[in-house]
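> Sharing a structure here in structure tokens format.
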Amino acid sequence: MNPHDLSLLMGLVLAHLAGDFLLQPRHWVDERVRRLHRSHHLLYHVLVHAGLTALVLMVASWLLPGSPGPPGVLAGAAAVAASHWLIDLGKAKLPAGRLRWFLLDQLLHLLVLCMLWLAWLGSLAPLEALGAWLLTPTVLGVATAYLIVTRPFSFAIAMVMKRWSSQLEDTGTLARAGARIGILERLLVLSLVLLDQLTAVGFLLTAKSVLRYGDLRESKDRKLTEYVLLGTLVSVASTLVLGLTLRLLLER
């Protein structure tokens, strides 16, 4: 696979992002939700994507030897337009403002673009290379580590802290916000460890400590201060151990 092949995929993704987020006014989306398949703005939106896709494919046909000519450009643009119309129409029938439907919508669009990319190249070699890369020990190890620091570590830390959590009063914080903050914190720490940026872990802890200090000072609750400090140290220390262990295993 030469660099131009990957550039084609990136170009298709860039065209999709421009069409979905830069060239689609909010009132187009609102009308699509109200009128569904009768929406004129849904048609405009689809035509924008067709035009952007055709532009990318025309450039690709000029840069990539052996690429399909104008018939291929028209077929690719039509495929993107038709799939986009169906996917966006289906999303318009679902409850608005749900993250899961937004992610599914974008995933389906990207899947269509990947299929178009492979069809344009006329080869499954990139897919085979991706499969081989995903099965390497490095990728599997890193993916496992990122999975571990999410819910599994949350359950483990909750069990460690259970004996003290019952001694705390309700402080009026957001529901499950602490657990989500902990997950994000561990994801950041693990990323920094794998990138060999241990110094940045210290800055992360300092930033969190400064934010937490103001809240805890206002609550004047020593128990809560100790609980938060202990939870943070358990979370960060366990992630550091996991990240450093993974690095040692991968460097062998």
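For all residues, glycine too, the Cβ spot is worked out from N, Cα and C.
What TrEMBL lists as transmembrane segment is 43-64, 70-87, 99-120, 132-153, 187-207, 227-250.
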> Which residues of the chain, 6 or more past the ends of the transmembrane segment (70-87), have a CB below 8 A from one of its CBs?
42-43, 45-47, 49-51, 53-54, 57-58, 61, 105, 108-109, 112-113, 116, 119-120
> What residues in the same chain, six or more past the boundaries of the transmembrane segment (99-120), come closer than 8 Å to it by Cβ-Cβ distance?
8-9, 12-13, 16, 20, 53, 57, 60, 67-68, 72, 76, 79-80, 83-84, 87-88, 91, 126-127
